[in-house]
Amino acid sequence: MKEAFLQAIPVLNKIESAGYEAYFVGGAVRDFLLGKEIADVDIATSATPEELKSIFSKTLDVGIEHGTVVVLFNGIPYEVTTFRTEAEYLDFRRPSEVQFIRSLEEDLKRRDFTMNAIAMDRHGKFIDPFGGKKAIEERVIRTVGNPDERFTEDALRMMRAVRFYSQLSFEIEKSTYEALSSLAHLLEKIAVERKLAEFEKLLAGWNRMMALKIIGETGLYKYLPQMSAFQKQLCSSANYHAEGLTGEEMWGLLTCLFDIDQAGAESFFKSWKLPVKKTRKILSILKWIRYRSDNEWDAYSLYQAGRESLLSAEKIRNVLQHTDLKRNTDNLMELYNTLPIKQRSELQLTGNDLMNWFGKPPGAWIKADLEKAENAVLKGELRNSNESIREWLMKCNQNLGKN
């Protein structure tokens, strides 16, 4: 048994000693069966939140209305959730009522996919009433029970199905896949933030390009922010090999596949509610992809782009051109590493230096002289030392005066 489970067994013991049932559930059990690393473990129990709070001295009410209490045990937080059933769902996203129950099987029955509906006791024995282990062995994503019912309960489960397809490279079972197409419109009811969380996990998955194709084929794309016009591009995305791209680079690749210009890209990212910092990084990458369509890298463009943007731009270009992801990148890094300065702060010149040397007040001339010196240093025409720059600028200004 994995260390994460072993550390949590005393929590199960304590709940059971008080007369209740307790099991490991959810993604941790699934990942254990897949031989993956276990990050956090989730626990399900027949004890109610109030009963849990009487068992443990340190608890946090993080989702008590849904039956979840965080138990702090030996300095580790554990989410412990009471067995529950859920009444009719509102707006295809949240249950109108949660009822606490004492049956593990009924609790597992409300979960999304069979691979996520497996419990494990403290001895390592699996409770698997819906064939989750078999689904994992067969590498199949299958809903617990009727897929129409599961997706109608929470439409985000459709995005989760494609996300798991991307992460695990499992096949989506036929009736589950058909329900993605017939119920895609329900995704319209889901908040952008929830869609984004699943889509970013999809973009980080190993099988992401095929997952994007499924987004296009099933019609889910129509209900994702500003994607309704890009079915063709999504369906052909599987023709590109994007292994090795980061999440930000994947957003950049998508924008290129959709042939969205800079202004359109800003609007696209805003519609997805991407964080401002991430948006800026992606827009910088796109700027240099456009630059590279008409230009080769030189010292000044390498300097302006910076290490991250230039590498990302080159990697995305390689994907679009169906060439090796790292083509040119080693050579570019060699060139970049030979630059005398990598950022403006390394230039041995400040605005105060300029005002002291020339006895002039602040103005646009300072920026012009800084850029002039910066360019000369990057071209190797000028040594990056304060004295060398001063002499060079004095000479430049004298020549300017003669003209």
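Counting starts with 1 at the first residue shown.
Positions of Cβ are set from backbone N, Cα and C atoms, glycine also.
Any TrEMBL annotation is an automated prediction that lacks curation.
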Looking at TrEMBL, which one out of Arg102, Arg111 binds ATP in the same site as Gly27, Arg30, Asp154, Arg157, Arg160, Arg163?
Arg111
Using DSSP with the three-state reduction, classify Asp42 (Mg(2+) binding site) as helix, strand or coil.
strand
What's the CA-CA gap between Arg111 (ATP binding site) and Asp42 (Mg(2+) binding site) in angstrom, rounded?
14
So among the binding-site residues Arg30, Arg111, who's got the most Cβ atoms within 10 Å?
Arg30
Taking only the residues the record lists as binding ATP, namely Gly27, Arg30, Arg111, Asp154, Arg157, Arg160, Arg163, what is the largest Cα to Cα distance between any two of them, in Å to the nearest whole number?
21
Give me the count of other Cβ atoms within 10 A of the Cβ belonging to Arg160 (ATP binding site).
19
If you run through the domain 'Poly A polymerase head' (22-142) with DSSP, how many residues end up as helix, strand and coil?
33 helix, 43 strand, 45 coil
